[in-house]
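Below you'll find the structure, written out as structure tokens, and then a few comments.
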Amino acid sequence: MLPRAAWSLVLRKGGGGRRGMHSSEGTTRGGGKMSPYTNCYAQRYYPMPEEPFCTELNAEEQALKEKEKGSWTQLTHAEKVALYRLQFNETFAEMNRRSNEWKTVMGCVFFFIGFAALVIWWQRVYVFPPKPITLTDERKAQQLQRMLDMKVNPVQGLASRWDYEKKQWKK
């Protein structure tokens with residue numbers, strides 16, 4: 001296990017010992033500029049990512065960040081929302097919102113069940129041989145009568161439940 005982990009560290013992209021984009025140091029691979037929207041993924045159980053959602057700010061957003069350093073009572077509700085959106089991608093309500101992925105999953109499940117049913121039907125019609133004649137109801141009745149005539153298992157079995165004098169099942 002340890003050699004495998006060591007090789008994965010050496011052979012991964014970015015070289016050995018060099019931290020990637022998701023490191024806590026904030027360095028990027030290749031030394032280029034970071035994108036304006038980072039790869040932060042805020043979840044309900046870890047809502048505070050290490051990096052802000054938006055890293056490159058325009059003049060209006062920079063002025064808003066400077067205004068943030070002052071008293072928060074001077075900020076309007078819209079400015080507070082804009083500051084929140086600069087720092088975080090989603091609100092808790094948006095994080096907790098149910099997705100419609102279950103519809104896709106159920107659609108795929110029903111599609112494959114339907115496809116399997118079509119394959120089974122096709123096999124019964126075109127692949128499997130016809131049923132043997134011994135499986136018809138008439139032949140089954142004849143087999144039962146033959147077993148009763150031979151008195152198969154007369155102590156506890158089938159013949160013990162048949163009344164041979166009245167020719168009917170015992171009650």
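Positions of Cβ are set from backbone N, Cα and C atoms, glycine also.
Feature annotations, reproduced from Swiss-Prot:
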- 13-32: region 'Disordered' (REGION)
- 29-100: topological domain 'Mitochondrial matrix' (TOPO_DOM)
- 127-171: topological domain 'Mitochondrial intermembrane' (TOPO_DOM)
- 1-28: transit peptide (TRANSIT)
- 101-126: transmembrane segment (TRANSMEM)
Counting by DSSP, what is the helix, strand and coil composition of the topological domain 'Mitochondrial intermembrane' (127-171)? 20 helix, 4 strand, 21 coil
Is the topological domain 'Mitochondrial intermembrane' (127-171) packed against any residues at least 6 beyond its ends, judged by a Cβ distance under 8 Å, and which are they? none
Arithmetic mean of per-residue pLDDT over the topological domain 'Mitochondrial matrix' (29-100): 76
